[in-house]
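Asker: Questions regarding the structure given below will be posed in turn.
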Amino acid sequence: MEKYVEMYSDFITKNHKIVLSILLLATLFLGYFAVHLSVDASAETLLLENDKDLQLTREIHKRYTSSDYLVISFSPNEPMLSDKSLNTIRSLKEALLKVDSVKSVVSILDVPLLESPPRSIKEFIDDIRTLESKDINKTMVQEEFTTSPIYKNNLVSADFKTTAILINLKDDTKYMEFVKARNALLDKQKVEKLTKEESLQLKNIQKEFKDYREVVKDESHRVIKEVRDIIDVHKDSGQLFLGGVMMVADDMISFVKDDIKTYGISVILIMILVLWIIFRQLRYVLIPVTVAFSAVVITAGLYTLFGLEVTVISSNFVSMQLIMAISLSIHLVSNYRENYIKNPELSQKEIIAITMEKMVLPMSFVVCSSIVAYMSLISSGILPVMNFGWMMAVASCISFLFAIVFSPAMLMALKKKAPVLTYDKFTKLTLACANTVKKYPKTIYLGSLAVVIFSIVGTTQLVVENSMINYFRDKTEIYQGMKKIDENLGGTTPLEVVVRFPKKQASTEKSSDPSGVLDSFEEEFNKQSGEAQYWFTDQKMEEILKIQKFLESMDNVGNVSSLATLLRVGKIIKNGQGLDSFELGILYKALPEEDKNMLLDSYINIENDEARFIIRIKDSSKDLRREELINTIRAGLEREIGLKESDFDIVGMMVLYNNMLQSLYQTQILTVGETISILGLMFLFLFRSVKIGLIAIVVNIIPIGIVFGIMGIFKIPLDIMNITIAAIAFDMAMNNTVYYYLRFRAELKKDGDYVATMMRSHASVGNPMYYCAGVTVIGFMVLVTSNFVPTIVFGLLTVATIFVAIVADLLLSPLLLITFKAFGTPKIKEL
């Protein structure tokens with residue numbers, strides 16, 4: 001291998017100008033594409049495609065009226081029903097209806113008033129009154145809004161100080177056609193092999209769909225900006241916040257993009273400063289930073305060319321690649337400086353050749369260990385996580401290539417110059433660590449045991465949760481808006497329960513209307529209503545009311561909407577008697593389409609004989625455990641309501657996100673074990689020693705354990721944003737171990753003295769190890785200033801991982817190597 005490395009080094013140094021020119025052109029060319037790297041935070045990127053609940057959700061949503069929407073929460077300065085407040089709502093509505101993609105706007109001005117005053121069904125149908133109707137009694141209206149099961153904690157808050165303005169968006173038929181066509185082929189692919197034509201068709205659909213999603217994403221951003229501009233015009237009238245799933249996704253994209261730009265640049269600038277403090281020479285700052293920057297640019301450009309998107313899960317790839325590239329180049333230039341000091345009489349080309357001979361093997365192994373760590377994510381089954389695994393594997397390779405190509409070429413382009421050792425002489429950190437290993441071995445073992453106990457205790461308290469509201473700082477507008485909707489308007493996260501009724505004999509009940517006003521309609525109604533009148537049986541209505549009551553009793557459940565809300569209002573209207581099947585049938589056939597959609601069609605499907613309950617979960621609840629809540633609802637429907645498992649389905653985004661998280665959590669447990677096993681085998685191959693492999697694994701499990709321990713102790717949930725932290729932690733921890741063990745083995749051959757070997761290893765390779773740690777820790781501390789909480793958490797966990805990893809490598813690793821004489825008794829090289 002030394003021969004090939006020598007040939008490679010000779011080629012690079014001889015042709016360094018050509019090499020640097022090619023790298024510069026590649027960076028400029030791919031840099032053009034890098035700035036167009038796409039970021040996607042849509043639900044499509046966060047779901048398990050093979051999830052049976054996803055297929056079920058799609059099927060159920062085909063049967064019910066639903067569309068994308070935004071919601072504005074409005075807390076006016078004046079009383080809610082004052083002319084000034086109503087005029088503000090009216091003005092907002094008029095402005096919002098002028099936005100291209102808006103289909104309709106629903107507010108307290110538009111909804112039907114059922115109890116202001118109470119009227120018969122015939123009167124209600126003949127004249128559906130709203131706040132815009134004449135002769136409205138506002139006192140009765142306020143009473144209805146604050147007591148009606150339909151409107152309380154849904155359209156208005158219980159204290160009547162906040163109201164929702166629902167913005168229904170136009171249906172995107174083209175988007176749904178893409179989804180339908182793609183899903184049809186994907187479903188077929190699961191049961192049989194696609195023909196060549198079908199495979200090509202699927203490939204084309206996926207490409208066209210991806211391109212169209214970019215159009216949709218831009219359009220969504222435009223709509224949200226227009227709505228926010230309208231809100232800004234009315235800010236003086238009260239407190240206004242925008243909410244909705246589409247808005248959350250759009251804001252997440254904005255936060256991710258801003259963080260990539262802002263903190264990518266900030267981290268580089270801070271790294272430049274720290275590198276200058278350490279090396280005090282421009283060349284040793286320029287080389288690592290240029291390697292890192294160019295590697296990131298080229299990687300991002302390649303991702304854009306191959307159509308890969310950055311998601312909220314993979315948004316940290318820039319930071320991770322910076323760590324990888326900076327680390328590789330710092331180790332390389334540090335080794336160059338060491339070789340220069342030892343052999344100042346040699347030429348620049350000869351020093352570079354010695355450096356490459358010593359560094360190619362450890363750098364290659366470091367990159368291989370990184371690839372193994374990230375490739376473990378590919379078995380997750382979740383497309384964005386799998387893509388992140390591939391992205392980081394590719395990023396690791398590009399960082400390695402840039403480090404071993406650009407660094408020697410750049411060094412050759414610069415004149416030979418003695419290194420400045422001011423910082424090295426001033427700081428004796430590695431020497432202090434080596435002396436600590438010699439003097440306090442028991443303390444190190446006890447400290448390591450304490451860390452292990454802390455990790456175990458914390459890990460047992462780790463929870464898997466996904467709270468969107470907690471992704472944002474409480475000072476941000478998006479957090480305040482979601483909090484307002486969560487606490488005052490019935491919750492934010494949707495969950496649905498669909499109950500199927502057994503086919504039974506049709507209802508034969510007669511109208512219970514004492515006034516007889518319905519009798520004249522019955523004959524005509526029976527002709528027109530088809531099966532509608534027979535569907536609304538007393539038994540079904542009682543069961544719907546029972547299920548509604550059960551769901552409302554659950555902790556952390558906000559508003560529950562279903563047919564039961566209309567039944568309760570009917571009971572109030574009819575002085576406790578309730579609506580019978582004929583009256584419900586009339587409402588079903590005679591209501592205007594918009595009112596029918598709001599009161600009935602969203603909650604029942606007569607053709608499939610089922611009822612739907614739309615639950616909104618309070619996402620901000622501190623004690624909310626989504627998996628536990630779903631299981632509790634499932635068990636309660638069987639135990640308390642008496643339903644069979646086949647009688648109902650629980651679906652919706654909360655279920656799908658939870659399934660994804662649980663799947664990924666289970667996969668991570670398996671893949672961490674696989675990663676550890678593979679890396680153990682790699683150490684066995686490199687060092688030909690089971691003992692060394694076991695020591696390396698023990699040392700590198702500690703940083704992973706401390707990360708999970710911190711998360712558990714400090715109640716940081718494992719969610720879609722940090723679920724990849726195990727692979728990241730293992731990658732960062734393993735890198736320094738490789739460098740140290742290879743250097744330790746080489747130094748041990750000089751005299752066979754383990755303690756002296758440790759002292760020399762710490763004085764040589766120990767320096768770039770803590771240089772890398774220091775640069776990364778200080779650089780990543782800037783992430784805590786972000787408004788996007790996952791970025792803050794990632795920064796802090798990264799800092800904790802690197803800190804624990806460097807401490808373990810400089811204290812525990814050498815102590816274990818010395819205690820167990822891990823390399824045996826080597827043959828001493830003759831000088």
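Backbone N, Cα and C atoms are what each Cβ position is placed from, and that goes for glycine too.
Quantities reported herein were computed from a predicted structural model and do not represent experimental measurements.
Below are the features listed in TrEMBL for this protein:
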type	residues	note
COILED	188-222	coiled coil
TRANSMEM	262-279	transmembrane segment
TRANSMEM	286-306	transmembrane segment
DOMAIN	289-413	domain 'SSD'
TRANSMEM	312-333	transmembrane segment
TRANSMEM	359-382	transmembrane segment
TRANSMEM	388-414	transmembrane segment
TRANSMEM	444-464	transmembrane segment
TRANSMEM	669-687	transmembrane segment
TRANSMEM	694-714	transmembrane segment
TRANSMEM	720-742	transmembrane segment
TRANSMEM	768-786	transmembrane segment
TRANSMEM	792-820	transmembrane segment
Asker: Does the transmembrane segment (286-306) reach the transmembrane segment (444-464) with at least 3 CB pairs under 8 A, where each pair is 6 or more residues apart?
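Answerer: Contact between the transmembrane segment (444-464) and the transmembrane segment (286-306): absent, because fewer than 3 Cβ pairs are under 8 Å.
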Asker: Between 444-464, 694-714, 768-786, who has the most Cβ pairs under 8 Å to the transmembrane segment (262-279)?
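Answerer: Stretch with maximum Cβ contacts: 768-786.
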Asker: So, taking each listed stretch (312-333, 444-464, 694-714, 768-786) in turn and counting its Cβ pairs to the transmembrane segment (388-414) that are under 8 angstroms, which one gives the highest count?
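Answerer: Looking at each of 312-333, 444-464, 694-714, 768-786 in turn, the most contacts to the transmembrane segment (388-414) are made by 312-333.
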Asker: Given a Cβ distance threshold of under 8 angstroms, which distant residues of the chain, six or more beyond its ends, lie next to the coiled coil (188-222)?
Answerer: 38, 40, 42, 44, 50, 101, 172, 174-175, 178-179, 181-182, 246, 249-250, 253, 307, 309
Asker: Same-chain Cβ contacts of the transmembrane segment (359-382) under 8 Å, 6 or more residues past its ends?
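Answerer: Contacts with the transmembrane segment (359-382): 1, 5, 8, 46-48, 50, 324, 327-328, 331-332, 335, 388-390, 392-393, 396-397, 399-400, 403-404, 660, 663-664, 667-668, 670-672, 674-675, 678-679, 682, 686, 724, 727-728, 730-731, 734-735, 738-739, 742-743.
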Asker: Looking only at the coiled coil (188-222), report the model's average pLDDT.
Answerer: 90
Asker: DSSP-wise, what's the residue breakdown of the domain 'SSD' (289-413) into helix, strand and coil?
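Answerer: Residue counts in helix, strand and coil order: 107 helix, 2 strand, 16 coil.
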